[in-house]
Amino acid sequence: MAKLKVGINGFGRIGRLVLRAGINNPNIEFVGINDLVPPDNLAYLLKYDSTHGRLRSQVETKDDGIVIDGHFIPCVSVRNPAELPWGKLGADYVVESTGLFTDSEGASKHLQAGARRVIISAPTKDPDRVRTLLVGVNHDLFDPSKDLIVSNASCTTNCLAPIAKVINDNFGLTEGLMTTVHAMTATQPTVDGPSKKDWRGGRGAAQNIIPSSTGAAKAVALVLPELKGKLTGMAFRVPTPDVSVVDLTFKTAKATSYKEICAAMKQASEGSLAGILGYTDEEVVSTDFQGDTHSSIFDAGAGIELNSNFFKVVAWYDNEWGYSNRVVDLMLSMVQKEQLAAV
């Protein structure tokens, strides 16, 4: 397999962690970074991370880029993606991680700039034109002839979808309500301030448990159409830096038991969803999952059963690191299918 050449647009939390997740992969070469922040600051933020620790690579700065273990990655600062030098840099795929260009029109500017494909590291605002693909759930639907732009959805959808898939495949999921207890993110202020769309979201992140909306549960239907109209959810933002947890309360079509649900999750975690869905029956807490690469880790000791058709299950996820690893996995699965189609 020829090396996949990747550009990153937006070197924030996810952009940097995608690079960390892929930098030592022999099948990936990062060829460019676009961010309005100067290269020396980008290199500093890549090297030192308060949550995930120091990068175990040598990181240096040049005027026009950063050097990681001797490999030079050019950095540019261009506001309009259509003007980026992806063609000149040889970028095959671009990870769109600014959070700004999440529809077809915005993301397609990277194609105009010379990239072959775009992976949006966020839910798309244009689901009818941009396919949502989740590794382990529906990534095999990638069509090299049509899918020039794809979305990797959100970290929460990546956590919920494998759980929902196992439940639905084995017992039938008739309806469900999800709550994600979600770590702080960069959109939240450190102290109280105005927030135009969501007043509660403007309150100090480190001081409060903040109820919030999320489209993550409904978005599961984009990758599991059979669950359309059966799931919705909400979020609580909590004062922790990383690792979140999904709580799904649901009804099943088939009468079953919590023990049988746990058995189905364990089987999937060791089989069809190995590496995507994890399983634990230990007495764990959130920090135990920091640095975990799974999309979702089912917690057998945390779920409950009301009756043979009504249950609650709990699944953990490192909302930064797990998600960033899925972006890398998605790119590699896409290019592999692309190369097979070309033979």
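Cβ atoms are placed via backbone N, Cα and C, with glycine included.
In the three-state DSSP reading, ASN319 (NAD(+) binding site) counts as coil. Taking Cβ-Cβ distances under 8 Å and a sequence separation of 6 or more, the neighbours of ASN319 (NAD(+) binding site) in its chain are CYS155, THR156, CYS159, HIS182, ALA183, ASP242, VAL243, SER244. Per Swiss-Prot, the feature NAD(+) binding site maps to ARG13, ILE14, ASP35, ARG79, SER121, ASN319.
The feature D-glyceraldehyde 3-phosphate binding site is assigned by Swiss-Prot to SER154, CYS155, THR156, THR185, THR214, GLY215, ARG237, with similarity to another entry given as support. CYS155 (D-glyceraldehyde 3-phosphate binding site) carries a helical DSSP state (H, G or I).
The active site, nucleophile feature in Swiss-Prot is assigned to CYS155; the stated evidence is similarity to another entry.
Residues or ranges marked as site 'Activates thiol group during catalysis' by Swiss-Prot: HIS182. Cβ neighbour count for HIS182 (site 'Activates thiol group during catalysis'): 23 (other Cβ atoms within 10 Å of its Cβ, all protein chains included).
Take the Cα of ASP35 (NAD(+) binding site) and measure to each of the binding-site residues THR185, THR214, GLY215, ARG237: the nearest one is THR185. In this structure the C-alpha atoms belonging to THR214 (D-glyceraldehyde 3-phosphate binding site) and ARG79 (NAD(+) binding site) are separated by 28 Å. Sequence-distant neighbours of ARG13 (NAD(+) binding site) (same chain, 6+ residues apart, CB-CB distance under 8 A): THR185, ALA186, GLU320.
Most Cβ neighbours within 10 Å among the binding-site residues SER121, THR185, THR214: this distinction goes to SER121. A separation of roughly 19 Å, to the nearest angstrom, links the Cα atoms of GLY215 (D-glyceraldehyde 3-phosphate binding site) and ILE14 (NAD(+) binding site).
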